[in-house]
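Sharing the feature lines straight out of Swiss-Prot:
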type    : residues                                                       : note
BINDING : Cys5, Cys8, Cys17, Cys23                                       : [4Fe-4S] cluster binding site
BINDING : His244, Glu268, Cys312, Cys403, Cys431, Cys456, Glu491, Lys493 : hybrid [4Fe-2O-2S] cluster binding site
MOD_RES : Cys403                                                         : cysteine persulfide
Amino acid sequence: MSMFCFQCQETAGCKGCTVRGVCGKTEDVAKIQDLLIFVTKGLATVANEGRKVGIVDKKVNRMIIDNLFITITNANFDFKAIEKRVKDTLVAREELKERVQAKGGNPIGSDFKGCATWTATTSEEMMEKASQVGVLATENEDIRSLRELIMYGLKGLAAYMEHAMNLGHDKEEVHAFMAETLVKILDDSLSADELTALALETGKFGVDGMALLDEANTSTYGHPEITKVNIGVRNNPGILISGHDLKDLEMLLEQTEGTGVDVYTHGEMLPGHYYPKFKKYAHFAGNYGNAWWLQNKEFASFNGPILMTTNCITPVQDSYRGRIFTTGAVGYEGCIHITADENGYKDFSQIIELAKTCKAPTEIETGEIVGGFAHNQVLALADQVVDAVKSGAIRRFFVMAGCDGRAKSRDYYREFAEKLPKDTVILTAGCAKYKYNKLPLGDINGIPRVLDAGQCNDSYSLVVIALKLAEVFGTDSVNELPISYNIAWYEQKAVIVLLSLLHLGVKNIHLGPTLPAFLSPNVAKVLVENFGIGGITNVEDDMKMFLGE
């Protein structure tokens, strides 16, 4: 069986990639990722049985999290690294089995699809199995759709859990749920209704995961605050850090202090500037470039080393191949991968030494952008915001969180932001902001018309803000507030955000630029009928719809 992947918005023809991923992953990489998911379900099976006899292994929890994160779109293209993880997972599974058996447990449980017992000794055996366990192994279209909706939610949740765990914050209940759910989506006895309920329950734990990460980030680095971020360059050599992991950012800033090397953020690392703890670093120079999909040009013109801490990495170009490093879940064949020691410390000295030999970044723009409007900062402005709503100065909020991407159709979001009436405010998080965060959209009574809460996980902040506004205005539901949801999605973190919003009862969310290919017509119908999920059409008609005109 050839590869099949339809987990991201850009999947071929909005149906699925079957020869090579639009993201750039090869058939072999797609298949080894499928196999990694399969053996991770096997490890989860044994972990579930372990919990029944009192065995909770934090290393196993971490392995499950890391395995899921690695398979997120644009995270890891390194076949050998993923194959090694498959082998390591099989070893961990067998070791855990022995411990469960010694405690009197049944280590393989129901062993759905043989995931707790299958093994291999050669690469050929692995690839043969990989061809049998992909998405299309589930023949029923609706069951497949629901299973993948849940699976992609778990992948997004895994990303948020990994970042929280890197900062020493954890929640066993989330790990237990994830392991149980990985096994349930192999269970052919579960009906579509039961899987739909499981998808919403995944959203509940998505909220827990985002809350945990918010606590981890803010307790470690302080609450984000209103910040102006330089988008120009200095004359020193620099290191560009991309992705989402704030712990990696902290270690890089510590190690570059006093070296004469500046640090710039890229993409989803931009919100690092909003945290008080990072403002003490004079060499934290600014943000370089835009969203992930423009990295081919921007990494070339940056001139210095690039550190990818998480997705999104795209196929590496010759113009910067010798300057790009990966860490964490990221991998790309031929790039140096930096691992942490047993204490979580990463030595970035080789990146720093390389930076010293490089030219300063080439300037591609100048000026400043403003962000830092996470829940704590916005609630500090609550009186000002409430007064503006009551006076009519603010007519409506538009949640335009989510992702950016290559598709020309995403220009819709820039045009939508430009044409919004001057009495509206955009609430955003994630890299979708790059479509409009540099536009001169002005302010309302001193409140910027684009309030950037931060990274995609900071969509949690937008939920907290909405719930607080509902409380202030005395409404029974966030759906009664003057808030519309026009969200751009791309990958699996957007899926867990969506499921979290649905769990919280948010209705009438519009997704674009296309609805997910993994939603079968029947599953899409359920989401439309029960939650008011919709797509987008064109700016003029959609704006009339949102504004009730």
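Just so it is clear, glycine is given a Cβ too, placed from its N, Cα and C backbone atoms.
Quick one: where do these features end up spatially?
The Cβ neighbour count for Cys8 ([4Fe-4S] cluster binding site), using a 10 Å radius over every protein chain in view, is 25. A coil conformation is recorded for Cys8 ([4Fe-4S] cluster binding site) in the three-state DSSP classification, outside any helix or strand.
Counted within 10 Å of its Cβ, the other Cβ atoms near His244 (hybrid [4Fe-2O-2S] cluster binding site) come to 27, all protein chains included.
The number of other Cβ atoms within 10 Å of the Cβ belonging to Cys403 (hybrid [4Fe-2O-2S] cluster binding site), over all protein chains shown, comes to 26. Secondary structure at Cys403 (hybrid [4Fe-2O-2S] cluster binding site), taken from DSSP and collapsed to helix, strand or coil, is coil.
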Taking every protein chain in this structure into account, which of the binding-site residues Glu268, Glu491 has the most other Cβ atoms within 10 Å of its Cβ?
Glu268
Can you tell me how many other Cβ atoms are located within 10 Å of the Cβ belonging to Cys5 ([4Fe-4S] cluster binding site)?
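Cβ-Cβ neighbours of Cys5 ([4Fe-4S] cluster binding site) within 10 Å number 27.
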Counting only residues 6+ away in sequence within the same chain, which have a CB under 8 Å from the CB of Cys456 (hybrid [4Fe-2O-2S] cluster binding site)?
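Those within reach of Cys456 (hybrid [4Fe-2O-2S] cluster binding site), by Cβ under 8 Å and sequence separation of 6 or more, are His244, Glu268, Ala401, Gly402, Cys403, Ala429, Gly430, Cys431, Lys493, Ala494, Val497.
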What is the interatomic distance between the Cα atoms of Glu491 (hybrid [4Fe-2O-2S] cluster binding site) and Cys17 ([4Fe-4S] cluster binding site), given in whole Å?
14
List the residues in the vicinity of the [4Fe-4S] cluster site, defined as same-chain residues other than Cys5, Cys8, Cys17, Cys23 with C-beta within 8 angstroms of the site's C-beta centre.
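In sequence order, the nearby non-listed residues are Phe6, Gln7, Glu10, Thr11, Ala12, Gly16, Gly21, Val22, Lys25, Ala30, Thr73.
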Hey, what's the Cβ neighbour count for Lys493 (hybrid [4Fe-2O-2S] cluster binding site) at 10 Å?
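Cβ-Cβ neighbours of Lys493 (hybrid [4Fe-2O-2S] cluster binding site) within 10 Å number 33.
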